[in-house]
Each structure stands twice: as C-alpha cells, then as structure tokens.
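Each remark here refers to the structure printed beneath this line.
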C-alpha cells in the first residue's frame, strides 16, 4: 500500500512536469518567438526518447531491480524539469515595445515626425548575433530536456504496474491499478491549474526589474513566470523519487520471454481484426487529445480574448475533470450491465456518435477576427499593408508591437501606427492611461485617442456555451476509454496480453502523440496573418484569422473524431 501511495505521488508529479509545458506553451512562444509548429514539435519531443526505449525496457522487466530503476528514471525526469527552466536564467530580461522611455533605454513607440534616427525601437535593435545565438541555445536546451523527460519516464509506468501486480493479492490489484489510472487523469488537470497560478506572476520577477514593469496580465505583451512551475514540479519529482531506492527487489523469478517467438506474436496480434481496428480507433482519439492538450489553452486565449492564466484554469477545472467523469461512468456502466464484447463495441460507437453531434456546433461558436488597422482592416481597399497615409510622417518601426484600441473601435499595432503623439501616465507607477493626438483615429473634428491593450472581441457571450459543449463532448468521447481497453484485453490470447498492450502503447505514441502536436501546430500557423520577425526569421504569431484558426484547429479535431467513430 505504501508503494501504491509513492507511485501515485510520483506519477502525479511526473505528469506535472510534462503537462505544465502544455499549459505555458503560448507564453513560451511569445517569450522566445516560436511558431506553433516549433512549439508542437517541442511538446511531442518527449515521446521520441520514450518510444525508442519502451519496448526494450519492458523486455528487461523481470531481470532488474524495478524500484531502483523507477527511482533513477524519476531523477532523470526531475533533471529534465530543472533543465526546462534553465533558458530563463541564461537569457537576458524580457524586452517589449513601450511608449514611455524606460530608465535603462531611451526607446519609445510614439509617433515622432523628427529627423530619421531620432527614434529607437526595441524590435529593430534586438537582432544582434548574440540574440540569434541565444535563441538557438534556448531551443537546444529545451529539446534536450524534453528528450530526457521521455527517457526518464520509460520505467515509471510499466515497472510500477508490474511490481504492484506481482505482489498485490488478486482481489486488490485492480483497485490499486484503478487508483493509479485515476491519478494519470488528474495529473494534467493539476498541471493546468499550476500553470494558471504561475502565469499571474511577471516573467522577470526574480531579476529585480519586475517593479518598474507597466504591464498587466491582460496586456498582449505580458509574459508570465513560465519557468517557476517547472522548478516546483521538478522538486516534487525529486522528492517522490527518494523512497524507491529503499524498496526491496524481492520478487518470484519469472520465466524470461523468448525473443525467438517475437515476430510470430507480433504478426498474430496485428492480423487480429478486432485488436487492429480498436487500436486504430484509439490512435484517432489520442491524436484528437494530443491537439486538445497542447493548444486548447492557446485557442481559448486567442478566440475569446482570455488571459493565459484564466484559459489554463478553465481546462484544469472543467475540461479535464469532465474527461475523468466520462472514464469513470464508462467503467461503471460496463460493470453494472456486465457487457459482452459486442455490447462494448456498441457503447464505444454510441459514445463517439453523440460526441460528434455535440462537437459539430463548436466549429461555429467563436469570435470574428478583430479589426486591426493595416492588418485585417483598411479604410479604403488596396491601401498597402500597414502603410497608412495618416502615419507616414511618423516613421514607425516595422516591428513595433504594443497594441492600442482606438476610440473608433479599431485596433492598432502600436501607438505609432495610430499616429499618437502624446501619452498620459499615472504619476504613481508610470503606467499608461491613454494616448492622445492620434492622427489616424477620427475624432469630433480633432485627432482621436486610444487606450492601451487590444480591443475586446465583443462575443464573450459565446464563451460559456463553447465550454459547456466541449466539456460534454469530452465526457461522451471518454466513456469509450474503458470498453475499448476491454475489447483489446478480451479478444486476444491471454499469454499475449502484456505484449499486445505494449504494442498498442507504442502505436499510439508513434501514430498519435508524436505527430499530433506538430500537425496541429502547422495547421494553426497557416491561420496567422501577422508574424513577428526576429533576425529575418518568422518568430511568434501576432495576429490570427480567428475564423480560420477555429475551422482548422477544431476541424482537425472533428476529423479525428469521425475517424475514431
């Protein structure tokens, strides 16, 4: 029982490390200028280390000191967590475009019709050879950490489950494994809640400059303390690893599996129609979940103008518990009605059909793209991209990003692009109240004014129906979780069970968890209409076409749901 407790804690903290990345992905994109394709590749990279070793390590099962190997794996996971936060400490402080010249640099993004060179801007000045090299270092560290995370996670689940199953009584074993299964579902939920809490702090809270920062978490330039969560999660994994070095190896000698029969057993399972079809259905569901887990928070942020912190809270407190309810309900129905295999498959089909019916309306629930002058909105057709006549004398830097909302309801990329020449600030902390004398914003006979931050999307009433429908669709899809496992376990030969489950997990990784996030990230990138550029390369996306983003992201999900059905 103590081993089950320790293993539950370890699995929870391991999932905190891997799930936390997904909760802070949009923040890391903004901080280091990554495209969604790159961040999707980063999110799925831990599966690479995992897939390479899982079959080999599972084969070693009975010949090694399982608890110690679990402990070593956990220490690797902990190291990976600490490595993930390292980029924050090896790079300089976060710099963003601002209108009020800060004490450290005399930069501004107000309209300054003076001689060329009288203005300076961070976006244009930030491309030094050092900045370019720094970015490569950040990616190298993060990809290495993700690979280590995958390798460290290999022994944890298979060895933990087989160790428990070897020594627990046959009556208690399903209960213990059920407890561990439920922890694997709670883990990601806790990770999103941790992300919600950490992203409320400013990224450079430890570098002393946080006091003079004039951003709030609603500001599109805000970057939260993404690295803090990795330190918390990695510390928890390190603590959970310690007891494993003191558990005994003691176990009855199992007969080692003979590798000669390997191809025969493999072909026997892959030629089994029920096994193959159910695994393919699970591949589709897993591909859907991979995209959901990686980019759902980003989707909610962009679609409904939410803060990263609030989007994570919704996923951690509503969507993930919903999926958990579905799994439990599916298992309970299975037990209550003692279902045959045919009834199990009928239940899976019904669950997916209802999920499809609820997921379809989601494609139409969302906000239109905001009006951004020179990006998505022009006064007269054919005006060149962002070269508005009203701000041409301002000599705006090409890469300035400090969105303001004009009194005309149109958003501008920066105060300069709105032609604003004056700014009023609060004397207490220097935070911006509003911008005035803006030549691009029509006022009553005088130049208009603008407020800092993006314009609201004006469709917040659609947010609640969206969350309710997506949660219900998730509950219905996850009712098929347990019956589909039963279909696999009961349709194959008893001696093939553990091998068949191993092959199943490997196929899920190779066909769904590895390519899934990259596929979703690439689809999301195609909906971008204004890229930030760093050192002549595309960095993070500034603005998306909201309808395109919704149709491609949710359309891909719908495609996989149909595939599973």
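The backbone N, Cα and C atoms fix where each Cβ goes, and this holds for glycine too.
Averaged across the domain 'Major facilitator superfamily (MFS) profile' (1-565), the predicted model reaches a pLDDT of 84. What TrEMBL records for 1-565 is domain 'Major facilitator superfamily (MFS) profile'.
Summarising the annotation, TrEMBL assigns domain 'Kazal-like' to 384-439. Each residue of the domain 'Kazal-like' (384-439) gets a DSSP state, and the totals for helix, strand and coil are 6 helix, 19 strand, 31 coil.
Feature annotation from TrEMBL assigns transmembrane segment to 42-62 (among others).
Here the transmembrane segment (69-90) has Cβ contacts under 8 Å with residues 7, 10, 14, 17, 21, 32, 46, 134, 137-138, 141-142, 144-146, 148-149, 151-156, 159-160, 163, 203, 226-228, 230-231, 233-235, 237-238, 240-245 of the same chain, all six or more residues outside its ends. What TrEMBL records for 69-90 (among others) is transmembrane segment.
The annotation transmembrane segment is assigned in TrEMBL to 138-163 (among others).
Residues annotated as transmembrane segment in TrEMBL: 175-203 (among others).
Feature annotation from TrEMBL assigns transmembrane segment to 223-247 (among others). Sequence-distant contacts of the transmembrane segment (223-247) (same chain, at least 6 residues past either end, Cβ-Cβ under 8 Å): 2-3, 6, 9-10, 13-14, 16-17, 20, 23-24, 27-28, 30-31, 67-68, 70-71, 74-75, 77-82, 84-85, 87-89, 94, 96, 191, 194-195, 197-203, 205, 217, 308-309.
Taken from TrEMBL, the feature transmembrane segment covers 274-297 (among others).
Within its own chain, the transmembrane segment (309-334) has Cβ neighbours under 8 Å at 23, 181-182, 185-186, 188-193, 195-197, 199-200, 217, 224, 292, 296-298, 300-301, 344, 347, 351, 467, 470-472, 474-483, 486, counting only residues six or more beyond its boundaries. What TrEMBL records for 309-334 (among others) is transmembrane segment.
Residues or ranges marked as transmembrane segment in TrEMBL: 346-366 (among others).
Same-chain neighbours of the transmembrane segment (175-203): 4, 7-8, 11-12, 14-16, 18-20, 22-24, 27, 31, 88, 94, 160-161, 164-165, 168, 210, 213, 215, 217, 222-229, 232-233, 293, 297, 307-310, 312-313, 315-317, 320-321, 323-324, 327-328, counting only residues six or more beyond its ends whose CB sits under 8 Å from a CB of the stretch. Same-chain neighbours of the transmembrane segment (138-163): 3, 7, 10-11, 14, 17-18, 21, 32, 34, 38, 42-43, 45-54, 57-58, 61, 66-67, 69-70, 72-81, 83-84, 86-87, 90-91, 177, 180, 251, 498, 502, counting only residues six or more beyond its ends whose CB sits under 8 Å from a CB of the stretch.
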